[in-house]
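Structure first, commentary second.
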Amino acid sequence: MLLVIDVGNTNTVLGVFNGNTLIQDWRIRTIRESTVDEFNLLAKALFVDKKIDLSTIKRTVISSVVPPINSILDTFCTRYLNQKPLWIDPASVKNLMPICYSNPAEVGADRIVNAVAAFERYKTSMIIIDFGTATTFDAISAKGEYLGGAITPGVMISAEALFQRASKLPRVEIFRRPQNVIGKNTIDSIKSGIIYGNGALVDGMVKRMSKEMGTTPKVIATGGLAVLIADASETIEIVDNALTLEGLRIIADQPVFSEGQR
């Protein structure tokens, strides 16, 4: 079986594939101060809970935007899984997708993985929006080229800044959009601004990016808050929260990688 790991600034997502089927996934906090042994204990507990034997993991592929975690995961794989993981970066996927960036090495591994997965699934021009610690917009051409994108502060980062800097505003939990855009109390007004405001941000960015692309791209959202913001957006067509994990599987199954890891 294949273990895929996507390390983000806030959360780390792990998934186990049996062939092309994702049989289990977990979302845990990214803890930069964690040790190899601590990560091993956590991983073992997760696997035992789902009755998955670590010894059945024959290959591991990782994307990470948190360098301090990389050595921990690398050692975990070699010490406890008896294998070297495949690390994803722009150079490792250059044969799968041309990256039209002035410096391809600057593109986050997660963004490239999303792009590879989305193009493999939909085979058309598209804009991928990933709602993570940052909200990223990535444009893919109909030829499967990574054209570039945009980065904005994430939904929760923006909300946290508001709560910290505006002392009279209460901290609110954001689980569902309010019924009305015009809030009738402070809490609903904050929820409206955060949720509908981010929905409008998405729609505005999609409109501008589509104009530059000269196409009508398919708009795909992923990430922890994708469902919530998609409900407030007029342009998001598909929510695919397994996109990054699926992209890691697709890359790992390319002959140049899979043969080297067997």
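Quick reminder: no glycine exception, Cβ is built from N, Cα and C everywhere.
Features reported for this protein in Swiss-Prot:
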type     : residues                                                   : note
ACT_SITE : ASP110                                                     : active site, proton acceptor
BINDING  : ASP6, VAL7, GLY8, ASN9, THR10, ASN11, THR12, VAL13, THR133 : ATP binding site
BINDING  : TYR101, GLY108, ALA109, ASP110, ARG111, THR186             : substrate binding site
BINDING  : ASP130                                                     : K(+) binding site
For the residue listed as 'active site, proton acceptor', nearby residues of its own chain (Cβ under 8 Å, 6 or more apart in sequence): ASP6, GLY8, SER63, VAL65, ASP130, GLY132, THR244
Structural state of THR10 (ATP binding site), classified by DSSP into three states: coil
Output field, ATP shell: CB within 8 Å of site CB centroid, site ASP6, VAL7, GLY8, ASN9, THR10, ASN11, THR12, VAL13, THR133 dropped: THR30, VAL65, VAL66, GLY132
Fewest other C-beta atoms within 10 angstroms, as judged across THR133, THR186, which are the binding-site residues: THR186
THR12 (ATP binding site) and GLY108 (substrate binding site), distance between Cα atoms, whole Å: 15
Rounded distance in angstrom between the Cα atoms of ARG111 (substrate binding site) and THR12 (ATP binding site): 15
Assigned conformation of ARG111 (substrate binding site) - DSSP reduced to three states: helix
Distance, THR10 (ATP binding site) to THR186 (substrate binding site) (CA atoms, angstrom): 28
Cβ neighbour count within 10 Å of GLY108 (substrate binding site): 21
